[in-house]
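Inspection log for the structure reproduced underneath, given as structure tokens.
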Amino acid sequence: MNVGCVILACALLLVASSGSKAGQTLKAPCRPGFSQNFYTVIVSRDALHGKSVLKDTTLSSERVKFEDCQRSREVGFVSSDPNFSVRPDGSVYAEQELANLSEPVQFMVTARGFHDAHIWETTVKLALAGHPHPIALTKGGIEEMLSRAWDSQPRVIKFPRKHQRGSSSNGLRRQKRDWVIPPINVPENSRGPFPHMLVRIRSDQDKAAGIRYSITGAGADQPPSGIYNIDPISGNMFVTQPLDREERASFHLRAHAVDMNGNQVENPIDLYIYVIDMNDNRPEFHNQVYNGSVAEGSKPGSSVMQVTATDSEDSTTANGMVRYRILSQTPHSPIPNMFTINSETGDIVTVAAGLDREKVSQYTIIVQATDMEGNLNFGLSNTATALISITDINDNPPELTVRTFSGEVLENKVNVVVTNLTVVDRDQPHSPNWNAVYRIVSGDPSGHFAIRTNPITNEGMLTVVKAVDFEMNRAFMLTVVVSNQAHLASGIQSSLQSTAGVTISVQDVNEPPVFPVNPKMIRFEEGVPAGTTLTVFAAQDPDHFIHQIVRYSKLSDPANWLKINRTNGQITTMAVLDRESMYVRNNVYEATFLAFDNGSPQASGTGTLQIYLIDVNDNAPVLIPRESQVCERARPNSRVNITASDADADPNVGPFVFELPSFPASVRRNWTISRLSGDYAQLRLRIPYLEASVYEIPVIVSDSGNPPLSNRSVIRVKVCPCDDNGDCSATGAVAAAGLGTGAIIAILICIIILLSMVLLFVVWMKRREKERQAKPLLIDPEDDVRDNILKYDEEGGGEEDQDYDLSQLQQPESLDHIISKPAGVRRVDERPVIAESQYPVRPSLPHPGDIGDFINDGLRAADNDPTAPPYDSLLVFDYEGSGSTAGSFSFLNSTSSGDQD
């Protein structure tokens, strides 16, 4: 019992050391389970009813705390002691009435999930208030106490026995409460030697019979198996290897005692083994490098960032309690300790003023995390780097580099940069705190200039957006103010250098003449004769300070109606103006004129003259339609609707007047016109019947002009027989066209005769072709009219050359007679010394289709035979005498492509 107290004292010491700074909590990752492995609950004496405890009495205000990270897990508590239990809120109460609570009571509480298989266990010790507690130990002797606890574990654990004694004469017996086995504490990372004995399990019945002991549960016969074993005869229980609390913090085993036959002789007892945490793991930061930021000029206490480190040790002990501190700060400007860190939460805040991004834009801080509540002598440490960026605020107003800028611009130019305004701003480039915004506050009431910001250089580009006139303003004096897109930070004043003056000189250029009214509209009646002066279209020279002469010319005159005086711009007509011309649009005729000065360089301007032509009644109406047809017999629907077209405009158009002329008299006798409306009338037969033909009916159409114009128009009306529907029949249409029945019959007979002649000619050609194919190709020479080659033996000389030598026309056998020939005879024909060509043999009975091939083959052989005369020789002929009546043969050429005689 004393050994158990020592172990409990160690546990209480660890709990006390972990709770020595109860006011400081560590924000660690949430782990479902009991907050402690061992609870000591002090029972108030107020809970006692005399010396006993009533049923359902809450024993203490202290509670068993269970952490449910998911906040939706349903957990039930089960106690190993039937006399005590734990409510869902963690309060401990009595399950039944107890006589007294003079001795401390210890039992195991198991938490089980209703919907999963998770199990959590803890130990609860009940002690009556006023009961002596173990003597407190110093923190410096923790390791020594744990070592002693390892060696001072209870050596013998007996199976509980049931004691019975008579309580009264009525025979009632009271059973003594079973002893709860205290947990077995084993420090992690023990160096052995192994196996190391923990306890001895024995039964009081081992003397009467042979007992065999065994243990079951996770760590013994269940994974991870083999960590604990027991000697079945002696009951000695061993641990076989070092334990790691971070892998498994506790074990729940059951010890069994059976006889030699395997019969249970004792009820199994529960053994709870707790692995005592040792500080063997360093804190680990979640990141090796943390990035944070804080605005420049921040006040002390401003939050910057948070670093977090976790320790895998027991967070309820000092081994798992991590504390933070700052090891170094780089750079040390303006002071070495610009930041501090909350030792428990890891929050980094500023502790001094003076953060200036323009001087230091980033700080590097080395943060150390140490367990054992930051004890550098006993705790383990780790480090991480925190990079703190100083964010920019608009604490530097933009400043123009000079107080006065200057530039010049040509008049009438737009979208040109006059000058660039340079500015300096020490805030972060390309941010709203740096981007410059320029404004013209005075000197430009008409809005001729604007300032655009160059997004790269931040310069202000002073640009002309509205043309300036040298004759109106020769110079401008502007006042410019520059600011940022973002407002200045609180307490920062604008700089005097944010304002500057700009002097702009306007340069004069030769401006083109300008027409004061452009376009200029004038009104005239159409029909104005040629030579009429319409107006003076003069231009003005804007260059008042330079005397220049303006001249005019015509640029565009589609109808060539106008001319302009070169010196004064007077417009005169060259032809009659006609409103109905194709060049007039909506009664308006447009012409463009050019005005130019004699400056250097020469400048010119254009002006448009618009002439609105007032209509006069100068166009007679024209009858529409020009052709129509009616039935030869008067019918209600056999009428012709007529109207008129007039090129003039209102009121010189309709309503129109339609009437038939009095001559010839047959027109009014046969036809009549009735008015339908102001623009339409009907032409119809006056008599019941009119012979079918084509009639040209004159109609007089008059408009409503003042004075009115009339026009005699002719409409061709075809009078034809009609069917029942009132439509002209085909025969009637032909008759109406002027052809009688006899003429139609004659045309049909001619067509039949022509077709017969064509048919006879085709039949004759077919028959002749058949006869030609049946006639043999080889005929008598007398009947053969084709060209033949005739061979002559000799030819005579000319009229004055009767003494001739026939040998000259024969094939020479040798050259002797040529060599000995008297002077004057020059002809030399020489046979080539090569094999003669073989001509194709003509078949005795040729096929008609082979005749053409035979002739072509022979012709090709003759053309390519070098041995056939005439030979290729230079022929020189002697004088043959004069006065020959035969003409020259020089125009003859030997060829195989022409006729040969």
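Placement of Cβ uses the backbone N, Cα and C atoms for every residue, glycine included.
Here's what TrEMBL has on this protein:
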type	residues	note
DOMAIN	178-285	domain 'Cadherin'
DOMAIN	286-400	domain 'Cadherin'
DOMAIN	418-515	domain 'Cadherin'
DOMAIN	516-623	domain 'Cadherin'
DOMAIN	622-729	domain 'Cadherin'
SIGNAL	1-22	signal peptide
TRANSMEM	743-765	transmembrane segment
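Per DSSP, the domain 'Cadherin' (178-285) is made up of 3 helix, 45 strand, 60 coil. Confidence across the domain 'Cadherin' (516-623), taken as the mean pLDDT and rounded to a whole number, stands at 87. Broken down by DSSP into helix, strand and coil, the domain 'Cadherin' (622-729) contains 6 helix, 52 strand, 50 coil. Each residue in the domain 'Cadherin' (418-515) gets a DSSP state, and the totals come to 3 helix, 43 strand, 52 coil.
Per-class residue totals from DSSP over the domain 'Cadherin' (286-400), listed helix then strand then coil: 6 helix, 50 strand, 59 coil.
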